[in-house]
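Beneath this line is the structure, given in structure tokens, with notes to follow.
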Amino acid sequence: MQRILSGVRPTGGIHLGNYLGAIRNWVSMQHQAQESLFCIVDMHALTTLGETESLAENTYAIAAAYLAAGIDLNKASIFAQSHVAAHTELSWIFSCITPLGWLNRMTQFKEKAGKHKDLACLGLYAYPVLMAADILLYKATHVPVGDDQKQHLELARDIAGAFNRRFGDDLFPIPEPMILGSATRVMSLRDGSSKMSKSDISEYSRIELMDNADALALKIRKARTDMEPLPEKFSDLEGRPEAQNLVNIYATLANMAPDAVCQQFVGSNFAPFKQQLVDLMVATIVPIGDKMRQYLADKVMLQKVLTAGARRANELAQSHMQDVRRAIGMVAL
Ligand code: TYM
């Protein structure tokens, strides 16, 4: 039995990395799973909230993106994390069994806190514990994410193991990370050594799902490459991160193996390859952006989706929290 849970932070424009690394895989996995829950992790967004950002608007945009990408409400629930209070409840319980040493290893905290660790908020430090609660609250078995979430997933597995050992019962399944496909780490279009991210100051570094055809074409044309032609095999792109990135993006959008993409363009320079990549993106990404705009124009519909999702998520969460209370030895009503 597969129970899938995953989520995206509503902190700005949802981008190609979120889509190829995560959401696209959710769309195919939802059909095999017994239950799928796709969360908009707005409590996590609080850890890095910019002053001008609108959490509500961003939350609707992520819900619209899930629907536009093909999440099927007959198979899956879409909900906001803040609408299920048990996430923070379980997070507290996990905080009491998670050694600080485990959190001190988390590289994302080190990156985000930067030099001024003492000024970083407690929420940023505790972030991975809340993430473990997101997953384990639903006894999720499979968690489809991009490569950058690997360490957080390992922590969630460790916390599940620690809880099971301490309180018995094997209450939590050990969740399996699903890091699938050839675009598990989509890189910035401006710098092949850093990942595509919502927080990069250059908008040319990322493709956003709501970019129109002109914006897409401009960003791909400006994308950094090198002077060498494309080789016959993907492995020959070693040491050419920008080229690897574009080939991986192409391969994923075209449902091809990266080697097959290299064979198709072998000997060619980047101009014709980029033109075909733009065509491919216009055919695959622009329709998602168009649908997002349509959904975003109907907030009443989006609210209904979030209400139904929250109802289902709370139902599961309440029942599982009773199991947790019982296992710990609290009074379970
Ligand atoms: P977030 O919001 O940064 O990203 C959402 C999903 O997109 C993936 N992703 C990428 N994949 C490939 N290339 C990229 N450049 C790229 N950038 C982002 C992420 O791996 C992720 O799957 N901590 C999580 C949110 C979260 C969560 C959870 C995920 C909170 N609770 C429970 C799964 C289960 C995050 O910050 O994702």
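Placed from the backbone N, Cα and C atoms, the Cβ positions cover glycine too.
Val186 (ATP binding site) carries neither a helix nor a strand DSSP state and counts as coil. Non-local neighbourhood of Val186 (ATP binding site): His15, Leu16, Gly17, Leu20, Gly21, Gly146, Lys195, Met196, Asn245, Asn248, Ile249, each in the same chain, at least six residues away, with C-beta under 8 Å from its C-beta. The feature ATP binding site is assigned by TrEMBL to Arg9, Pro10, Thr11, Gly17, Asn18, Gly146, Asp147, Asp148, Val186, Lys195, Met196, Ser197, Lys198, Ser199.
All protein chains shown were included, and the count of other CB atoms within 10 Å of the CB of Asp134 (L-tryptophan binding site) stands at 24. DSSP assigns Asp134 (L-tryptophan binding site) to a helix in the three-state reduction. Here TrEMBL flags Asp134 as L-tryptophan binding site.
Marked as motif ''HIGH' region' by TrEMBL: 10-18. Residues 40-42, 45, 48-50, 53, 55, 58-59, 61-62, 65, 146, 183, 185-186, 195-199, 206-210, 249, 285 of the same chain sit 6 or more residues outside the motif ''HIGH' region' (10-18) yet have a Cβ under 8 Å from a Cβ within it.
Looking at the motif ''KMSKS' region' (195-199) alone, the prediction's average pLDDT is 93. According to TrEMBL, the motif ''KMSKS' region' annotation covers 195-199.
Non-local neighbours of the motif ''KMSKS' region' (195-199) in the same chain are 9, 11-17, 48, 148, 185-189, 205-207; each lies 6+ residues outside the stretch with a CB under 8 Å from one of its CB atoms. Taking the Cα atom of each, Asp147 (ATP binding site) and Asp134 (L-tryptophan binding site) are about 18 angstrom apart. Considering only the binding-site residues Arg9, Thr11, Asn18, Asp134 (L-tryptophan binding site) has Arg9 as its nearest partner by CA-CA distance. Only Asn18, Asp134, of the binding-site residues Asn18, Asp134, Lys198, place a Cβ under 6 Å from an atom of ligand 1.
According to DSSP, Asp147 (ATP binding site) is assigned to a helical segment.
Neighbour counts of Cβ atoms within 10 Å were taken for the binding-site residues Arg9, Thr11, Asn18, Lys198; the minimum is at Lys198.
Cβ-based neighbour count (10 Å, all protein chains) for Met196 (ATP binding site) stands at 25.
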